[in-house]
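Peer 1: Residues annotated as active site, proton acceptor in TrEMBL: GLU103. The substrate binding site annotation in TrEMBL covers THR28, GLY29, SER30, THR31, ASP81, GLY82, ALA83, ASP84, LYS94, GLY95, LYS96, GLY97, LYS121. According to TrEMBL, the transmembrane segment annotation covers 12-36.
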Amino acid sequence: MMKNELKKAAGWAALEYVMPGMIVGVGTGSTIAYFIDALASIKYQIAGTVSSSEVSSARLASYGIPILDLNKIKILSLYIDGADEINDKLQMIKGKGAALTREKIIAAVSDYFICVADESKKVNVLGHVPLPIEVIPMAQKYVERQLMQLGGLPQYRQNVITDNGNIILDVYHLDISDPTLLEKEINAVTGVVTVGLFANRGADMALIGTTEGVKIFTK
Ligand code: 5RP
């Protein structure tokens, strides 16, 4: 089965968890694009969405799905987003799409986080893909030096400016055997806006598209 079919199956499977009247947090990426397509089919039943990127906002708007300001919302019961990697504890690496900061904000606010992904994203130990970090541009070289002290090999992501006007460093060779600790350590580096490790606040459920159907994982 093609990877895109597995992403589509996972994206559509998330629709089952969207209840009438809900405000839904919407992530970013190709799997989420399928979720947005699915959401459009019930758009009159939901109260609206909160979007994690300009790209997702454009897709939501193309369907006429309302997008709300997170600051006007007290309760966000559900957040649906993809991942670049996810482990058994439902901790994730995210940020290939450079939307990690807004994604992390929505994840923090939401009561329940469902990760949708194809089976290639499921790993035992995080770190097969580089770890994306959003950085304030003037701090780039300082942050790079600090990341090297943590054992990483940072690489500047060419031609990418985030929705927040910052840069992305993709960090190779980090030991991510303790994701919660590493998330704290990288967060503590001045100039780092967000690290793409979602360990402290991981997902509550994962819907993984496999060749045998969509598998459900919970903590
Ligand atoms: C964007 C992300 C995405 O969720 C992640 O890159 C997954 O994307 P896709 O569904 O296209 O594989 O973190 O910042």
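Keep in mind that glycine also has a Cβ here, set from the backbone N, Cα and C atoms.
Could you give the neighbours, burial and distances for every feature on this list?
Peer 2: Residues within less than 8 Å, Cβ to Cβ, of GLU103 (active site, proton acceptor) and separated from it by at least 6 positions along the same chain comprise GLY27, THR28, SER52, SER53, ASP81, LYS94, GLY95, PHE198.
Cβ neighbour count for THR28 (substrate binding site) (all protein chains, 10 Å cutoff from its Cβ): 27.
Away from its own ends, the transmembrane segment (12-36) comes close to residues 4, 42, 45-53, 55-56, 59-60, 63, 65, 68, 73, 75-82, 96-97, 99, 102-103, 106-107, 109-110, 112, 114, 116-118, 205, 207, 209, 214 of its chain (Cβ-Cβ under 8 Å, at least six residues beyond either end).
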Peer 1: Restricting to the chain of ALA83 (substrate binding site) and a gap of 6 or more, list residues whose Cβ falls under 8 Å of its Cβ, or answer none.
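Peer 2: Result: MET92, ILE93, LYS94, CYS115, ALA117, LYS121, PHE198, ALA203.
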Peer 1: Within 10 Å of the Cβ of LYS94 (substrate binding site), how many other Cβ atoms can be counted across all chains shown?
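Peer 2: Neighbour count, Cβ to Cβ under the 10 Å cut-off: 28.
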Peer 1: Quick check on the binding-site residues SER30, ASP81: which one has the highest count of other Cβ atoms within 10 Å of its Cβ?
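Peer 2: Checking each of SER30, ASP81, the winner is ASP81.
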Peer 1: Just report the maximum Cα pair distance in Å for the recorded substrate binders THR28, GLY29, SER30, THR31, ASP81, GLY82, ALA83, ASP84, LYS94, GLY95, LYS96, GLY97, LYS121, no decimals.
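Peer 2: Looking at THR28, GLY29, SER30, THR31, ASP81, GLY82, ALA83, ASP84, LYS94, GLY95, LYS96, GLY97, LYS121 as a set, their Cα atoms extend up to 15 Å apart.
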